[in-house]
Amino acid sequence: METLIYDCVQSSLRHFLPRNAIFLCERLCAEFPSELNLQLLASCYLNNNQAYCAYHILKGTLMAQSRYLFAVACLQMDLYSEAEGALCPTNESSAEVPNGAAGHYLLGLIYRYTDRRKSAVDHFKQALSIDPLLWAAYEELCILGAAEEANEVFGEAAVLCIQQQYGHQNLQTVNDDHGVVSCKTTSLEDSNARQTRHSHGNNFREVPYNHHGAVTSGVASGQPINGGSSSVSLYSTPSPMISQAAAPPPLFRNGQPNPNTLGGESSPRSVVNSTIQAPRRKFVDEGKLRKVSGRLFSDSGPRRSTRLATEMAVGTNLNSTQVGANGTSHSSTKYLGGSSRLSSAQIRSVTLRKGGSWASESFEEGRRSEAFDDARLDTTATTSIASSSGDDRAVEQERTIMPMTGVITSCSRGISGILELLRLLRTLGEGYRLSCLYRCQDALDVYHKLSSKQYNTGWVLSQVGKAYFEMVDYLESEHAFTLARRASPYSLEGMDVYSTVLFHLKEEMKLSYLAQELISTDRLAPQSWCAMGNCYSLQKDHETALKNFQRAVNLNSTFAYAHTLCGHEYVALEDYENGIKSYQSALRIDTRHYNSWYGLGMIYLRQEKFEFAEHHFRKAYQINPGSSVIMCYLGTALHALKRSEEALEMIDRAILADKKNPLPMYQKANILVSLEKYDEALADLEELKEYAPRESSVYAMMGRIYKRRNMHDKAMLHFGLALDLKPSTADVAAIKSAIEKLHVPDEIDEDL
């Protein structure tokens with residue numbers, strides 16, 4: 001009964017029926033109370049997004065898996081201290097973290113959300129060292145700015161780790177009589193058909209990996225089996241394709257693939273092999289192999305395999321002829337560093353006719369042995385006896401070595417698959433790392449190296465859109481996000497940034513449509529409500545926008561950008577105290593979220609706390625040294641602190657970083673005016689008019705400069721042009737006041 005209910009629960013979970021699984025699992029726990037069954041019940045609740053149920057079920061449990069599931073529930077409920085206590089019990093300091101890489105990843109998240117960056121980085125790195133395919137850990141390292149180059153993380157060392165983590169179980173034959181492994185070579189000496197059949201029934205088993213990822217073996221590489229000679233040659237035999245079934249798993253030694261095996265050519269099995277294909281299932285469970293190998297190796301495409309032909313000399317030299325049911329063959333084995341290599345020689349057999357005897361072609365020295373044909377006429381009886389006794393031996397030999405026919409090909413396919421996957425992860429990882437370091441152009445160059453299949457996916461296009469957004473190229477960013485929506489209309493990856501792009505472009509219609517689409521897709525996602533908040537913010541409805549951003553925070557308290565957007569709305573409402581709290585909340589989640597450092601700097605700049613403003617702008621600049629906006633406001637804060645030379649230097653950097661941005665040139669002109677360098681200021685403003693011909697503040701500043709130089713006609717002209725461009729209400733009042741005091745000297749104007 002327990003097994004039946006357990007299987008029903010697992011079936012319900014596989015078919016995404018969590019309510020049915022919960023009901024049945026409760027019956028299971030009632031009838032057979034145990035911690036293992038409680039784990040299953042907690043998993044059912046976690047699958048049904050009921051973390052609080054799993055929390056109460058597993059509270060106080062001691063098994064490693066129970067503690068892991070309890071930590072997952074705590075993490076979803078923002079109970080970080082309890083989650084940490086479950087993964088790292090204080091009374092068991094030497095206890096291992098449950099579930100290896102996954103456990104270390106959870107610990108990294110806990111430390112990151114509790115502002116312990118160094119510990120978080122250590123655990124994320126440890127998770128990657130255990131499982132290089134744990135991409136989420138590398139993402140977190142990139143976000144924390146502590147990721148190594150992708151070439152190092154997903155390099156050659158990762159191949160061995162992947163083999164250890166995701167490698168398949170291999171088959172090996174154990175000789176009961178001698179206690180040695182005979183999966184590579186098979187000795188026919190001192191064996192008969194009955195012994196061979198016995199070994200087929202009992203000696204094949206699945207061999208687990210050791211801690212190095214290698215298959216345990218009882219024989220040193222290169223050691224002869226059963227006292228036989230070690231100089232037997234391996235041949236590659238061409239034959240038609242037998243089936244498209246999954247190949248057996250790869251056989252590795254010492255955690256590394258066999259280089260000679262991988263390098264050798266392979267070809268289809270011979271026709272003779274087709275006669276013994278069916279009995280192979282007596283000792284190889286193809287179904288199990290297919291389940292295991294399906295995780296890493298593909299079954300598609302034509303299979304190519306090789307046949308291992310061996311022959312041991314009995315009382316004669318190594319090149320003597322063995323007559324059997326499969327024809328006459330000569331073979332020898334070469335051990336090269338414990339590895340076998342397939343040669344390109346071919347074995348050809350003559351068709352057996354009724355009442356006739358076997359004939360063969362000798363490959364010794366590349367010529368046919370004429371003496372053999374003469375001797376065959378005189379030894380017909382002897383050959384017949386040898387044929388009848390050798391028939392079973394040759395067939396059983398073929399059966400014994402058949403498990404290796406697909407191993408070599410699977411191994412080659414598996415290694416190539418691993419290398420291909422790591423190559424892809426190197427490109428994606430390096431692009432993401434550079435993007436998180438805000439080296440956006442370098443990141444774009446890396447992403448463009450991807451194949452069109454990978455580049456035109458939602459995730460990659462979203463990253464491209466984010467890179468253009470950071471480069472303040474909003475049109476290209478919008479184009480990339482549009483393609484991302486087209487590729488993955490169901491994905492919300494980067495949609496919060498996309499809504500901000502549309503906000504800056506003042507695309508009210510597109511932004512409203514995007515917000516409605518995201519809400520209809522997933523109204524419980526923070527990205528949906530960020531888009532809705534940006535829509536209201538663009539319409540100057542800051543209170544409604546703030547409510548939407550707060551809802552995003554409530555849905556996911558670790559979504560740093562939602563906290564930052566709340567801060568922006570508080571600043572728009574001139575509620576600086578709550579704005580500071582929101583920015584600080586974002587920084588507790590992600591200390592490298594430069595938008596929040598920038599927001600704090602803007603608040604302190606408005607409050608004329610210039611030293612605080614300079615500190616926060618500099619922190620933002622250290623994180624994102626390519627932002628011309630941050631450099632511009634840092635220069636403004638330095639100028640307010642009477643450090644004009646440093647300010648001008650920083651402003652010049654901002655201009656070089658983005659020549660299309662008019663703000664740094666305007667701020668530079670403002671600083672030059674304060675230093676009474678009017679000619680230089682006018683030259684910069686004339687150049688700025690080319691980039692921003694409809695910016696009223698540019699003409700207003702030029703009017704003030706002409707007024708100070710007593711050029712009243714030009715001053716009045718530029719004040720009028722500024723008013724014609726419909727500036728804000730505050731700017732209109734300032735310009736009209738300047739016009740009224742046009743003939744009043746600046747010294748008297750300042751005294752008034």
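Cβ from N, Cα, C; glycine included.
Annotated features in TrEMBL:
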type     : residues : note
COMPBIAS : 255-273  : compositional bias 'Polar residues'
REGION   : 188-208  : region 'Disordered'
REGION   : 253-273  : region 'Disordered'
REGION   : 319-338  : region 'Disordered'
REPEAT   : 101-134  : repeat 'TPR'
REPEAT   : 526-559  : repeat 'TPR'
REPEAT   : 560-593  : repeat 'TPR'
REPEAT   : 594-627  : repeat 'TPR'
REPEAT   : 696-729  : repeat 'TPR'
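Per DSSP, the repeat 'TPR' (526-559) is made up of 27 helix, 0 strand, 7 coil. Per-residue confidence over the repeat 'TPR' (696-729) averages out at a pLDDT of 88. Mapped onto DSSP classes, the repeat 'TPR' (696-729) shows 27 helix, 0 strand, 7 coil. Sequence-distant neighbours of the repeat 'TPR' (526-559) (same chain, 6+ residues past either end, Cβ-Cβ under 8 Å): 78, 113, 492, 495-496, 498-500, 502-503, 506, 508, 511-512, 514-515, 518-519, 565-566, 568-570, 572-573, 589. Counting residues per DSSP class in helix, strand and coil order gives 27 helix, 0 strand, 7 coil for the repeat 'TPR' (101-134).
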